[in-house]
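**Q** TrEMBL lists these features:
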{"type": "DOMAIN", "residues": "1-138", "note": "domain 'G-protein coupled receptors family 1 profile'"}
{"type": "SIGNAL", "residues": "1-16", "note": "signal peptide"}
{"type": "TRANSMEM", "residues": "49-70", "note": "transmembrane segment"}
{"type": "TRANSMEM", "residues": "91-112", "note": "transmembrane segment"}
Amino acid sequence: MCKSAMNLMLINLALADLFNLALTSLEWAPTLWIGRPHWPINWRWGCPLIRYFECVFLFASILSQLIVCIERFIAICYPLQARRLCSNKKAIYSLIIIWIFVLLFSLPNILFNRRINLFINLSENNNNNEHLTICINP
């Protein structure tokens, strides 16, 4: 299935982008439907975990694009050494290093993101209170 290093990197890039799209949609779709910020997942660790995985997949996508660019640079500028420098084994090692780096680099999102509940008074006579649940990084 994956006969070249480029195919491995493009599959990694596609999966990272797909999961990033899914998680970002999970966060922003309710805001678009309701017309105000609202966090759809009401359990305690939902906000930090969703933000953590958003960052993981975003950074994985960016670094996968970087690896693809480096591989293309090697293939164009050093065509005789490209087969040796861009093997499947080296592509797998570079992707593993990317994922380890991304998983560690995104850890502060679990520690610092919190879900908060806000009650906002929309009128002067206190009859019209609005409840908002948002995810913030204090």
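Every residue, even glycine, has its Cβ placed from backbone N, Cα and C.
Tell me about the surroundings of these features in the structure.
**A** For the transmembrane segment (49-70), the residues of the chain that approach it from at least six positions outside its boundaries are 6, 9-10, 12-13, 16-17, 19-20, 23-24, 26-27, 41, 91, 94-95, 98-99, 101-103, 105-107, 109-110, 113, 135, 137, judged by C-beta separation under 8 angstroms.
Only residues 6 or more beyond the boundaries of the transmembrane segment (91-112), in the same chain, are considered here, and those with a CB under 8 A from a CB of the stretch are 5-6, 8-9, 12, 48-49, 51-56, 59-60, 63-64, 67, 71, 137-138.
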**Q** Could you please provide the mean pLDDT value for the domain 'G-protein coupled receptors family 1 profile' (1-138)?
**A** 80
